[in-house]
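> First the structure, then my questions, so here it is.
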Amino acid sequence: MAHPEQHYLDLLAQVLARGDRRVDRTGVGTLSLFGAMLRFDLSKGAAPILTTKKVYWKTAVKEMLWFLTGGTNIRPLLQQNVRIWTDWPLAAYRRATGEEIGQAEFEARIVADEGFAARWGDLGPVYGKQWRRWLGPDGREHDQIAGLIETLRTNPASRRMLFHAWNVAEVGQMALPPCHMVYQYHVTSDGRLNALLYQRSVDLLLGAPFNFVGAAALQLMIAQQADLLPGELVWVGGDTHLYLNHLEQAREQISRAPRDWPRMQLVRRAESIDDYRIEDFAVEGYESHPAIAAEVAV
């Protein structure tokens, strides 16, 4: 049986071989395939943390925990040394002010100055806002995560167990429209929680490895809250692409042999979905190839 990571490497190879060359929003350009699927079995504790390059799994989990707070400002992320969202507010600040501020200085000002952070560190109504505080037409806010967990507990055969972040009325106010858009859940007859993540847009080299980890961590948390066991994580990509400045890095990654996947587990039972911390996650046996550097396209 093929190593589960091999399917990801095969997808990289397919994009390199058959991808449609396109000019994209960022101006960098991509090779793109439309429609992809990967399946990861979480039932035995293995976690989809890629081994053919180093993936900073704690950063991905911290991002997921931040989403669950409903927050939209990068300041709490930077306070935990998570810098993956800085590029968008930094670019907005430079455009608005004309100041050629460096990333490190911008981040330091966000952390040190709450007022500056409030003005320049907010991303608009992105993931957390939609997941936890979706604004209805009557002015009421809807907590999609709480509703999902309640349905898992009370009606696990439901086919309506999902949440999403594509709020048409607010997409234009977001620093970046949601890429990992829809999360749907399914409970098997033997009490396992399956998840399906649909991404409309997939940065296959940089973004997808983080999305795999974040979705798996979320699945563990939701399963625990609903007294279920983790099952399968199904990942579906829409526009699945490699940026043209990532092609050599993709070839380097494909050349590497996957190693055994690590195990991820929760070390305590949290009282609620809002009570998880990064210290609750333990990853054992993660031995990866070296990191592969690549620039984010903004």
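Glycine residues also receive a Cβ, built from the backbone N, Cα and C atoms like all the rest.
Predicted, not measured: the structure shown is a model, and the values here were computed from it.
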> In Swiss-Prot, Arg25, Arg159, Arg160, Arg200, Ser201, Val202, Asp203, His241, Leu242, Tyr243 are given as binding dUMP, so which of Asn167, Asn194, Asn211 is in that site too?
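The one candidate that Swiss-Prot places in that dUMP site: Asn211.
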> Can you check which residue among the binding-site residues Arg25, Arg160, His241 has the largest number of Cβ atoms within 10 Å of its own?
His241
> For the C-alpha pair, I'd like the distance in angstrom between Arg25 (dUMP binding site) and Ala297 ((6R)-5,10-methylene-5,6,7,8-tetrahydrofolate binding site), rounded off.
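Each residue's Cα considered, Arg25 (dUMP binding site) and Ala297 ((6R)-5,10-methylene-5,6,7,8-tetrahydrofolate binding site) end up 9 Å apart.
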> 10 Å Cβ neighbour count around Ala297 ((6R)-5,10-methylene-5,6,7,8-tetrahydrofolate binding site)?
20
> Filter the binding-site residues Ser201, Asp203, His241, Ala297 down to those whose C-alpha lies within 10 angstroms of the C-alpha of Cys179 (active site, nucleophile); answer none if the list is empty.
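Neighbours among binding-site residues, in sequence order: Ser201, Asp203.
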> Measure from the Cβ of Asp203 (dUMP binding site) and count the other Cβ atoms within 10 Å, all protein chains considered.
23
